[in-house]
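Database features (Swiss-Prot):
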- 4-24: transmembrane segment (TRANSMEM)
- 36-56: transmembrane segment (TRANSMEM)
- 67-85: transmembrane segment (TRANSMEM)
- GLY75, THR78: Na(+) binding site (BINDING)
- 101-121: transmembrane segment (TRANSMEM)
Amino acid sequence: MARLLLVCLGGALGSGARYLTSAWALRAFGPDFPRGTLLVNVSGSFLLAGIMTASLQSEAVPPDLRLFLAAGVMGGFTTYSSFNYETLALVEQGRLAAAAAYLLATVLGCLAAAFAATLLVRWLAG
């Protein structure tokens, strides 16, 4: 039960952070392209890969903290379902180039961010 609470609390924090990040991106850039979800998913991929690499390479991240951060905070923060919905919305609006750009930016951006975080954490760990 305690572990479930860790995930739920982390999820609440991650969801709040996702909302704030998306709201900021909407105000900063406007509604023409889903930059908020892109920012959330790329940064979330970086953070999750960093958390997992650090926790699997050393004892620095205890298992309960990893559960709170990875399954909880990052699970609440990143949003694959929004990515799919926004891509479909762009297609339905006839904005095929924007849909393709968003799809590629998300997939490649998230992979690149995860790779960069893994390399960074391994480098920092020596």
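Cβ from N, Cα, C; glycine included.
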Contact between the transmembrane segment (4-24) and the transmembrane segment (67-85) (3 or more Cβ pairs under 8 Å, separation 6+): yes
Residues near GLY75 (Na(+) binding site) in space but at least six apart in sequence (CB under 8 A): VAL7, GLY10, GLY11, GLY14
Chain residues outside the transmembrane segment (101-121) and at least six past its termini with a C-beta under 8 angstroms from it: 33-34, 37-38, 41-50, 53-54, 57, 83, 86-87, 90
Conformational class of THR78 (Na(+) binding site) under the three-state DSSP mapping: coil
Protein Cβ atoms within 10 Å of THR78 (Na(+) binding site), excluding its own: 22
